[in-house]
Amino acid sequence: MSNSYATNGSRPTSRWKRFVKSNLLTFLTVIGVFGGTTLGLMLKNSSEPWTQREVMYIQYPGDLFLRMLKCLIVPLLVSSITSAIGSLDLSMSKKIAFRAIVYYFTTTICAVVLGIILVSTIRPGSGPNVGSMKGKAATRQVLTADTLLDLIRNLFPPNIIQATMFQFRTILVPPENATDVPLQKYRITSEFTEGTNVLGLVMFSVVLGACIGKMREAGKPLQGLFETLSEAMMIITSWVIWISPIGVFFLVAAKLLEMASFTEVLGQLGWYFMTVMLGLVLHGFGTISVIFFMTTRKLAFPYIAQMSQVLATAFGTGSSSATMPITIRCLDNMGIDPRVTRFVIPVGATINMDGTALYEAVAALFIAQLRHIPLSFGHIVAVSVTATAASIGAAGIPQAGLITMVMVLDTVGLPAEDVTIIIAVDWLLDRFRTTINVMCDALGTILVNSLSKNDLASTPNEILEAEPHELVELRQDCNEKE
């Protein structure tokens, strides 16, 4: 009796410990946000205003955290995309691979466009100037055509090493001793500005990954290198993310000291939060569901209802990679062909980040609105393309979107430090956008399985017995059979 009581009595405690352990990063991030807010408000209410140097001292630990994030951009982006594209076993079924990639690309574009429409309509960042939030960056005289052409030029960098540090852009120089001259008659020059050329790296990584996949056995060593590098970078990223509560604490405190009106910014963050949430709901239960119905002639909601454990795990962990084994197990129980499940889900967990793409597009335009920096059509297109490309390279771990968010801000010339403006609500939005990402992956797997029934029937009908965590062995087994 006593042993039974002791055992039963210890269960709630062990469950509570497991809950705290699995959500420790979230708790620490929340503590960092509230602690930084408290410290910032206390220091702001001091008798004398804080000088720029004093604010710099407060922000210094947060700057170190941001530098760590920036350092991870290039290796994380190149390794994750190259390994994901290189692992596509196109020989198993080129149609299955093609359908999966088209689905992922379509939903990501839809998410970015929806986000831009919402943030441009609602304008959550519009309002009075908020201290240092007013844009001080010099505007650059450039035509929309030049911006679009620069996007294409940056897709094909002349030097891949240079692309890790510089971006190409067109410069229009006005004629000497001339006034009221239209931009079309300005002298055209160019320069390489400091900043990672994300588009060029993505293009290079996709081409390299496709080449490695085509090489089959000969490309295995190089594929293994990028897979190992990708895993290593995800581990390092997880280490850096654990430093985020400390970085957030000092960044939020310093940002509050710079603001003239904390109440105004708090109200604008509320509108920003609602804009992102509205976009995620409309995309998850609207856009994706419509695409699912149009292709399968079935409603998505019955399938979503069977994913309660998957969606709860995605929300609780904030990680699409951590949810992947549970997603595969759930789809297996729903009768989805394991060959499709073990092919589409791992790729989707790497390159399909609809919620992240929508969030980054909204966040970039929100910060520009907050700083009162007008963005041209070319800049909005740049945000769309970069948010799509950056979401492909987003690691499937909690709050990794902060890294790719820096890429999007750099594209439109906004300071990377402005990511701290939205970081106060990022920890919560990260949970919701991860849930949308995982749901999109699962529905995409069901969609591809429905469209590929004939192709699956024409191939040897062997049920792959690999466990969800044994995903790498799947490709090896397929190559050995060939």
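Just so you know, glycine gets a Cβ as well, placed from its N, Cα and C.
Remember, TrEMBL labels are computer predictions, not curated facts.
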When TrEMBL marks a stretch as transmembrane segment, which of 269-293, 419-443 is it?
269-293
Would the transmembrane segment (234-257) count as touching the transmembrane segment (100-122), if touching means at least three Cβ pairs under 8 Å and pairs must be 6 or more apart in sequence?
no
Applying the under-8 angstroms CB criterion, which one of 24-44, 64-88, 269-293 scores highest with the transmembrane segment (195-213)?
64-88
Would you mind listing the long-range same-chain contacts of the transmembrane segment (100-122), meaning Cβ under 8 Å and 6+ residues beyond its ends?
271, 274-276, 278-279, 282-283, 287-288, 291, 343-344, 347-348, 351-355, 357-359, 361-362, 365-366, 369, 380, 383-384, 387-388, 391-392, 440, 444, 447-448
